[in-house]
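Let me begin by presenting the structure, written as structure tokens, before commenting on it.
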Amino acid sequence: MAAFTCTSRPPISLRSETRIVSSSPSASSLSSRRMFAVLPESSGLRIRLSLSPASLTSIHQPRVSRLRRAVVCEAQETTTDIQVVNDSTWDSLVLKATGPVVVDFWAPWCGPCKMIDPLVNDLAQHYTGKIKFYKLNTDESPNTPGQYGVRSIPTIMIFVGGEKKDTIIGAVPKTTLTSSLDKFLP
């Protein structure tokens, strides 16, 4: 499995600004206080800010706000356990394979492909030694999907002895994938 690490940018800087709402002497005690946070640039990280209970004091009391920050890494973990197949390796890896072969037709921009990716990875681990799993990027290898009539992705095809036996289109539940794969176990 690939390991991802997250790094954060320089810390957040805070500025406070006080403005007088009214210029009349009787209302001079009314002021508006604003907190500005200058956030660092972020690439794939979300910075969550939350106020501490001490900052939720009454409006009439002087406020001291303490800011607590947490950086959360939301990089989707991907695995490299599933071998990649392309137009040039298709015949040797899929058509000439002994036993059942599952090919996941996907693209990096496809949202449903990203949704089903963890399921396919789990199934590849579960069926290790029984079924071979491959991934084919339809953007990088457009000939093979065209040859097999792949019109939408994600599409999962099951091959046995070089022949297409089953096709599953779309992001389906794990139970649907499992029931389709179980039919082709040796």
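Placed from the backbone N, Cα and C atoms, the Cβ positions cover glycine too.
Sequence-distant neighbours of C110 (active site, nucleophile): residues of the same chain at least 6 apart with a C-beta under 8 Å from its C-beta are I153, P154. In the three-state DSSP reading, C110 (active site, nucleophile) counts as coil. Positions annotated as active site, nucleophile by Swiss-Prot: C110 (among others).
Sequence-distant neighbours of C113 (active site, nucleophile) (same chain, 6+ apart, CB under 8 A from its CB) are W106, A107, I153, P154, A171. Marked as active site, nucleophile by Swiss-Prot: C113 (among others).
Taken from Swiss-Prot, the feature disulfide bond covers C110-C113.
Residues or ranges marked as domain 'Thioredoxin' in Swiss-Prot: 73-186.
Using a 10 Å radius centred on the Cβ of D104 (site 'Deprotonates C-terminal active site Cys') and all shown protein chains, the other Cβ atoms total 25. Following the DSSP three-state reduction, the secondary structure of D104 (site 'Deprotonates C-terminal active site Cys') is strand. Here Swiss-Prot flags D104 as site 'Deprotonates C-terminal active site Cys', drawing on similarity to another entry.
Feature annotation from Swiss-Prot assigns site 'Contributes to redox potential value' to G111 (among others). Every protein chain considered, the tally of other Cβ atoms within 10 Å of the Cβ of G111 (site 'Contributes to redox potential value') stands at 9.
Residues or ranges marked as site 'Contributes to redox potential value' by Swiss-Prot: P112 (among others).
The transit peptide feature in Swiss-Prot is assigned to 1-72; the stated evidence is sequence analysis.
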Cβ neighbours of P112 (site 'Contributes to redox potential value') where a neighbour is any other Cβ within 10 Å: 15
